[in-house]
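Note sheet for the following structure.
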Amino acid sequence: MSHTLSSCGGGPMIVGGGLPGEVADAVRDVPSGRSTPQRAAVLRVLAACPDFVSAQELHARLAADGVSIGLTTVYRSVQALERAGLLDVVRDDAEGRLYRRRPAAGHRHYLICRDCGRSQSVDADVVEEWAERVGECTGFSAVEHILELTGVCARCRVGS
């Protein structure tokens, strides 16, 4: 069975049936080792979204397009995909955690517009180096960090 979904970019996408190679490979890389149609649908919607979206928004998009999936399943799916390193996550005061398909391996930092939610990946090598040095100086290993940058993008600034 397949479903037509409205992608974040406006064009339709098909969920179900065979998975494109990249999505199928990504879903198989999830630590549980389970490749479910629901998880694939969540990942496919995220892959089509240029900006971060909430689990509630993902659920609404899937449900509106006829994909049978509960909100709890959406949350479990994004948690598994995050643990597998397939998603970037940021926090939003209004919506909690927001998710975006990670375009490539590695840790990323984003500058996010407070008005429209548009996101821009930023080069933050200096932050990565600093976090590593802090760990070395304090005797910590496997140091992780969260850096959130927000502002008002040029489009929103012009519109205000």
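Backbone N, Cα and C define each Cβ position, glycine as well.
Quick look at what TrEMBL lists:
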- Cys113, Cys116, Cys153, Cys156: Zn(2+) binding site (BINDING)
- Glu128, His145: Fe cation binding site (BINDING)
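Recorded features from TrEMBL, shown on the structure.
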| residue | record | Cβ contacts under 8 Å, 6 or more apart |
| --- | --- | --- |
| Cys113 | Zn(2+) binding site | Ser119, Thr150, Gly151, Val152, Cys153, Arg155, Cys156 |
| Cys116 | Zn(2+) binding site | Cys153, Arg155, Cys156 |
| Glu128 | Fe cation binding site | His107 |
| His145 | Fe cation binding site | Val127, Ala131 |
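Shown in sequence order, Arg114, Asp115, Gly117, Arg118, Val152, Ala154, Arg155, Arg157 are the same-chain residues outside Cys113, Cys116, Cys153, Cys156 whose Cβ sits within 8 Å of the Cβ centre of the Zn(2+) site.
Local packing around the binding-site residues Cys153, Cys156 was summarised as the count of other Cβ atoms within 10 Å of each Cβ; on this measure the leading residue is Cys153.
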